[in-house]
């Protein structure tokens with residue numbers, strides 16, 4: 001096999017600016033688009049789809065309650081039921097995130113995405129038939145099932161995209177996750193317009209639409225390759241990995257790509273797939289793990305999910321006319337989608353770290369302004385400023401929104417990746433649930449000052465990222481691990497050597513496993 005330029009020092013080879021950069025192939029774009037269409041698109045769609053028909057769904061809850069118990073539903077019960085309907089989506093997401101590592105081991109990255117469509121179809125049936133069946137419980141269960149789908153998708157998809165992408169466009173391909181989330185949000189807003197499905201007689205069709213992207217993914221994704229890294233490092237199938245690389249990269253000679261994966265495999269030769277507990281105890285990835293937890297928590301607690309869930313309610317309380325609310329929401333979704341696309345185009349030039357810090361810092365500033373404008377309610381200027389601040393905040397969020405998922409795939413090498421996504425997914429969905437459940441009560445208690453909670457989160461998050469996070473663009477997974485070696489207080493490699501990090505699992509006297517972390521150099 002032909003040795004890549006630079007000899008045995010693979011981590012130096014990976015950072016060589018002279019490495020040939022291939023053009024983006026139709027196969028790679030198709031995998032990114034259709035993989036995200038049946039995954040992150042559905043997640044985004046479910047963030048916004050409950051917004052437009054909220055009044056009709058609440059009326060359905062009240063009607064069903066009266067038919068069952070003979071009395072109107074109490075106000076507190078109505079608020080609680082609606083909060084549960086919105087936030088239970090995140091509980092399903094948590095279950096999905098916790099199960100994804102086990103599913104991936106059995107059926108792989110692509111297989112997990114395909115299998116996950118079963119949950120989308122079941123959820124579509126439950127949600128669309130709930131009104132006919134006079135059961136609001138079906139809506140709640142449907143939201144849980146759809147949450148499971150999103151929990152699996154938001155872990156399996158970034159893993160798949162990160163492993164099929166050449167490193168010089170890994171951020172761009174990874175941003176398909178964010179772009180399709182925003183496109184899903186926008187689609188939910190468009191279909192929720194009063195002229196389309198946002199009517200009392202049609203709102204259940206909003207949920208029937210969930211099956212469409214799932215079916216499209218089932219029709220296309222089976223004909224696209226599995227992750228070559230998964231095939232080579234976990235299935236030990238070099239021929240299948242070579243064919244996958246050839247299709248994704250559009251060239252016959254993929255010896256350099258195979259050698260890069262082989263180098264990582266040699267470095268992880270004795271390191272089997274790591275469990276969550278082993279990962280939490282391992283000093284070799286301690287700061288990577290802290291960074292992902294902080295980033296994922298800030299991603300959900302920065303306040304934009306509150307706007308996605310409760311946009312109409314926020315604007316209604318701010319005094320906007322009822323008939324223009326859907327169009328304000330729609331314009332915000334359009335701007336978010338455009339910003340996400342621009343972010344995908346510039347991420348490989350600007351980098352992950354600057355975009356994240358810029359996004360969180362800017363949101364802190366504009367949420368502070370939103371608080372001021374909400375407190376000093378001055379007729380036309382108040383409405384205009386509130387509208388602009390929400391839109392600008394959405395722009396800054398979209399510019400960095402998909403990067404936490406990209407980072408989760410980049411900061412960890414192959415054996416750690418499933419456990420890392422499980423932990424990141426858990427933090428992501430618990431934070432999502434907290435926002436969905438608590439924001440109505442926070443808004444009720446703090447009123448104009450509700451968004452100051454998110455300001456604090458954004459400031460703390462941007463400060464941490466500025467101090468700790470290294471830039472990861474155009475680096476191999478081994479390069480990124482080496483950049484964390486010093487902060488993790490692990491030995492750094494001397495020039496001309498590679499580092500093999502092995503995590504040996506050896507039985508003790510009682511037959512239980514012990515974790516031994518060691519560093520070995522080899523030529």
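Note: Cβ is positioned from N, Cα and C throughout, glycine not excepted.
Some features that TrEMBL has for this protein:
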DOMAIN    32-473  domain 'Major facilitator superfamily (MFS) profile'
TRANSMEM  24-45  transmembrane segment
TRANSMEM  80-104  transmembrane segment
TRANSMEM  113-132  transmembrane segment
TRANSMEM  138-160  transmembrane segment
TRANSMEM  172-191  transmembrane segment
TRANSMEM  203-224  transmembrane segment
TRANSMEM  289-309  transmembrane segment
TRANSMEM  324-347  transmembrane segment
TRANSMEM  354-376  transmembrane segment
TRANSMEM  382-407  transmembrane segment
TRANSMEM  419-442  transmembrane segment
TRANSMEM  448-469  transmembrane segment
With the greatest number of Cβ pairs under 8 Å to the transmembrane segment (354-376), the stretch among 24-45, 172-191, 324-347, 419-442, 448-469 is 448-469
The transmembrane segment (138-160) vs the transmembrane segment (324-347): three or more C-beta pairs under 8 Å (separation of 6 or more)?
-> no
So which of 172-191, 203-224, 324-347 is most in touch with the transmembrane segment (113-132), counting Cβ pairs under 8 Å?
-> 203-224
